[in-house]
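Noted in TrEMBL for the protein shown:
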BINDING   Cys119, Cys121, Cys129  Zn(2+) binding site
ACT_SITE  Lys198  active site, schiff-base intermediate with substrate
BINDING   Arg208, Arg220  5-aminolevulinate 1 binding site
BINDING   Glu236  Mg(2+) binding site
ACT_SITE  Lys251  active site, schiff-base intermediate with substrate
BINDING   Ser278, Tyr317  5-aminolevulinate 2 binding site
Amino acid sequence: MFPTTRLRRLRQHPQLRELVRETTLSPRDLILPLFVRHGQNQKIPIGSMPGHAQLSVDNLAAEIREIVSLGIPGVILFGIPAHKDADGSDARSESGIVQQAIQEIKSVDDSLLVITDVCYCEFTDHGHCGVLTERNGHVDVDNDATLELLQDQAVSHAEAGADMIAPSGMMDGMIEALRNALDDVGFTHLPIMSYAAKYCSGFYGPFREAAESAPQFGNRATYQMDPANALEALREVELDVAEGADILMVKPALSYLDIIRRVKDAQPEVPLAAYNVSGEYAMVKAAAANGWIDEQRVTLEILTSIRRAGADMILTYHAKETARWLS
Ligand code: PBG
């Protein structure tokens, strides 16, 4: 009684294994996050994210050339402004840190896709993702007042030359508000990548050090999603598609592979991104530094798994090393 069907047959020859491989991973699938800070000739390493640093605008050129030469198609920008205030004015200033960075990158190499994170947490002195309001002694982010500020920020990024905006603040009605604002001033062609299902996650810890954007009180639970919810992610995604999102995103990635799959199944026609976030990166780096895991093998396995779950593209801090490994 021996088996007729033997799945091991297709695993015998390396070329055959490759022929039957269902999921591919290429540098062309990856988007690299960059942290741009105020000041001159700055390159401040981010302790919890080995290999990453806050770069001042005058130090971007070499980095951009390297990214392009590795075949990475795009970057997403996060800004650390010189000055933070209650309503995050640098975020929508013509001379804001992100606006300067867009122009610099475009002047170095305009073939690179420049995506901007549209959100206020890096720009407000309180570290929340919008402006605050008080209701019955309880302080919270004011949804609709924040929508107006996000509109100004998005238009300002578009005017500076961004190729795509990626709103991450999890305000209700955000995509429709941004679509209208962009269309009103003639940016009808500018796509929106929506952080549609963004969870209130502990995995953002290292990012908040990197972007200096930790909330100064409380947490983001009144706007980001509860990690326990999946059906709610489908509602978020449906709304964003109806409001005009061009690309959807699930974030974080690794603990949310089920969400990536469900979103892809629910909206198969809409391109899907996943954000392999800072804490996921830091865990791999820390274990690898201790010699506990094989960094290359584990990283490629993680990124392949995110693709297998249904992501068409991945925002990842591993983009540069992965592009080297794959070439
Ligand atoms: C918010 C934003 C965050 C990240 C991307 N956009 C942080 C947050 O919501 O606190 C996190 C990304 C990461 O952890 O890598 N503007």
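Placement of Cβ uses the backbone N, Cα and C atoms for every residue, glycine included.
Just so you know, TrEMBL annotations never went through curation; they're auto-generated.
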Distance, Ser278 (5-aminolevulinate 2 binding site) to Arg208 (5-aminolevulinate 1 binding site) (CA atoms, angstrom): 9
Cα-to-Cα gap, Lys198 (active site, schiff-base intermediate with substrate) vs Glu236 (Mg(2+) binding site), nearest whole Å: 9
Top Cα neighbour of Cys121 (Zn(2+) binding site) in the set of recorded positions Arg220, Glu236, Lys251, Ser278: Arg220
Sparsest-packed among the recorded positions, when each Cβ's other Cβ atoms within 10 Å are tallied, from Lys198, Arg208, Lys251: Arg208
Of Cys119, Glu236, Lys251, Ser278, i.e. the recorded positions, those within 10 Å of Arg220 (5-aminolevulinate 1 binding site) when Cα atoms are compared: none
Among Cys121, Lys251, Tyr317, the recorded positions whose C-beta sits under 6 Å from ligand 1: Cys121
Closest of Glu236, Lys251, Ser278, Tyr317 to Cys119 (Zn(2+) binding site), Cα positions, recorded positions only: Lys251
Rounded Cα separation (Å) that holds between Ser278 (5-aminolevulinate 2 binding site) and the residue listed as 'Mg(2+) binding site': 23
Nearest-integer angstrom distance between the alpha carbons (Cα) of Lys251 (active site, schiff-base intermediate with substrate) and Glu236 (Mg(2+) binding site): 13
CB-centroid shell, 8 A cutoff, Zn(2+) site Cys119, Cys121, Cys129, site residues removed: Tyr120, Glu122, Thr124, His128, Gly130, Ser168, Gly169, Ser213
Candidate with the highest Cβ count within 10 Å, taken from the binding-site residues Cys119, Cys129, Arg220, Glu236, Ser278: Cys119
